[in-house]
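Per TrEMBL, these features apply:
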- B:12-33: transmembrane segment (TRANSMEM)
- B:45-67: transmembrane segment (TRANSMEM)
- B:88-114: transmembrane segment (TRANSMEM)
- B:120-141: transmembrane segment (TRANSMEM)
- B:153-176: transmembrane segment (TRANSMEM)
- B:196-218: transmembrane segment (TRANSMEM)
- B:225-245: transmembrane segment (TRANSMEM)
Amino acid sequence: MITIQNISKRFGKLQVLDNVSLTLNGGQCVALIGPNGSGKTTLIKSILGMVMPQSGALLFKGNPVGQQWEYRRDIGYMPQIGRYPENMTIGQVLDMMKDIRKVPEAALDRDLFDVFELDKMLDKRMGTLSGGTRQKVSACLAFMFKPEVLILDEPTAGLDPVSTELLKDKILAEKNNNRLIIITSHVLSDLDDLATEVIYMQEGRPLFHKPLEVLKEETGTDRLAKAIARIMAKQGMKKGVTTV
Amino acid sequence: MSKIVKYVIADLLRSRAIMVYALVLLVLSISVFSIEDNADKGVVSLLNIILFVVPLVSIIFSTVYLYNSAEFIELLVSQPLKRRTIWMSIFTGLAGAVALAFLIGVGVPILLYAFTPSGIILLLSGMMLSLIFVSIAMWAAVRIRDKAKGIGLSILLWLYFALLFDALVLFILFQFSDYPIENGMVAVAMLNPIDISRILILLQVDISAMMGYTGAIFRNFFGTGWGMTITVLVLMAWTAVPVWFSLRFFKQKDL
C-alpha cells in the first residue's frame, strides 16, 4: 500500500534518514522500533508529507505522492505529542476535523469516542487537558474516519493501563479489517500482541524488516523484547569488535 | 478554504487581544477627535498615532499568533488539505481580523467626526498597512523556527519601517541636498508603505504647502490619477509579495 523508495533526509549536518526503502502492505501491523533519534518519527512524517525528503520517492497505492494531498484522506495519524489549539474545546476540534474530512456522520467510527467517554468532556478546552486525555482525543481522531492506513506514533505513551488496553483492542480489531497499521513504540510488550512485522531502525536506516514470527524463530525467543535485546546485544558486540 | 478561515477567525476572536486592540484604537480616536475641533487637524494627530501603532500591533500580534498556532498548523498539514490552502486561510483570517479591529476602532470615529476625503484616505491606508504588516509577519514567522528570534525579527522590521528608514532617507537627503533629487524621493518613498500612507494623507490636508519644493513634487505625482494608480499598485505589491514568498517557503517547510 505504501512504497518508500530511497528516501533521504538531513537536517543541517544530521542525516536523519539515510536511503530508506520499504514496502508496507495492507492487513499488516508494522512495528517501527529503534533507539531515540533513529529517524522513526521523521520517516512517519515523510509518509504524511509533513517533512519533505531531499531525495527519493514515496508511492501510495502505486501513485507517487510528490506534493499531492488527497492521499491523506486515507491516512489516520496519531502524533507522538498531540498538540491542538489551546482555546478550542474537544467538541470544536472534533467538529473541525469532521468539517475538513467531509465524512457523513453515519460513516464515522465512534468506538473510541464512546469507550474513552469523551462525550462528557466535549466542553473542556484543549489547553486544560492532561497529556493522557489529549492522547485519547488524538486516538479518537485517528480512527474516526475509518482510514485505510493508521499511523500511530507512540500511541500508548501517557495513557493509563485501562485506556491502553482499550486502544490495543481497537488496533487489533482494525488490523483484522485489512488496514495497514504502523506503530512506533518503546513499550515492546504492547507491540507483542499487535505486530505482524517488525522494522528496526538504526541511525536513519532500517536494519531489518521481517515478519515477527521469523524474527522470533531466528533469535530463538518467544517475546519481541527479548528478540530485540538479542539483536541489540549482537550489534553492540559487532561495534565492540570494530572499535577494538 | 473558507472553512479554515472560519476556524482561524474563531480562534483569534477568542484570544481577546484583538478586542483590546480595537477598543484602544476606538478610545484613542474618539479622544483625539474630541480634543481637536477641526476634523483635518484631528486626522493629522490621529495619523501620527496610527502610523506608529497599526504596523506595530499588526506585525507583532500576527507573529506571536503564528508561533502560538504552530501546533494547529501541524495538525492541519497532517490532514487532507493543500498547504497553500492552509497558509492562505491563515493569512486571510489574520488579515481579516486585524483589519476588522482597525475598521471598528478607527472607522467608527471617522464616520462620526471626520467623514472627509482625508479621513477616508486615513481609513483606507490604515487598512492597507494592517494587511501589509500581517503579510510581512507571515514571512518573518515562516523563515525563523525559533519563537524568540522570530518575534525579534518582526520588531526589527517594524523599527526599520517606522524609524530607521526615515533616518536613512534624511541622511541621504542631506548628503545630496545640492543635487535635484526630488523626483528620486518619490521612488524612495515607495520603498516604505508607512511613508506612502503618510504622504497620501498629508497631501489631503494641505499641509504639503509646508513641505517646500518636495511637497510640490509629491503633489504633482500623487495628485494625478496615474500617480494614484501606481501608489495603489505599490501598496498591493507590498501586501502580496511577502505573503507570496512566505507561501513558497511554507510549501517546502518541514513541520
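Cβ atoms here come from the backbone N, Cα and C positions, even for glycine.
Caution: TrEMBL annotation is automatic and unverified by curators.
Distant neighbours of the transmembrane segment (B:153-176): 51-52, 55-56, 59-60, 62-63, 133, 136-137, 140-141, 143-144, 185, 188, 191-195; these residues of the same chain sit at least 6 beyond its ends, with a Cβ under 8 Å from one of its Cβ atoms. If one looks beyond the transmembrane segment (B:45-67) by at least 6 residues along the same chain, the residues whose Cβ comes under 8 Å of a Cβ in the stretch are 12, 15, 17-18, 21, 25, 28-29, 32-33, 35-36, 90, 94, 98, 102, 106, 122, 126, 129-130, 132-134, 136-138, 140-142, 147, 150-151, 154-155, 157-158, 161-162, 194, 197-198, 201-202. For the transmembrane segment (B:120-141), the list of distant contacts is 43, 46-47, 50-51, 54-55, 58-63, 66-67, 87, 90-91, 94-95, 98-99, 102-103, 106-107, 110, 150, 153-154, 157-158, 193-194, 196-197, 200-201, 204, 235, 238-243, 245-246, 249: same-chain residues at least six beyond its ends, Cβ to Cβ under 8 Å. Sequence-remote contacts of a segment are chain residues at least 6 beyond its ends whose Cβ falls under 8 Å from one of its Cβ atoms, and for the transmembrane segment (B:88-114) they are 1-5, 7-9, 12-13, 18-19, 21-26, 28-30, 33, 39-40, 42-43, 46, 50, 54, 57-58, 61-62, 65-66, 69, 73, 120, 122-123, 126-127, 130-131, 134-135, 137-138, 243, 247.
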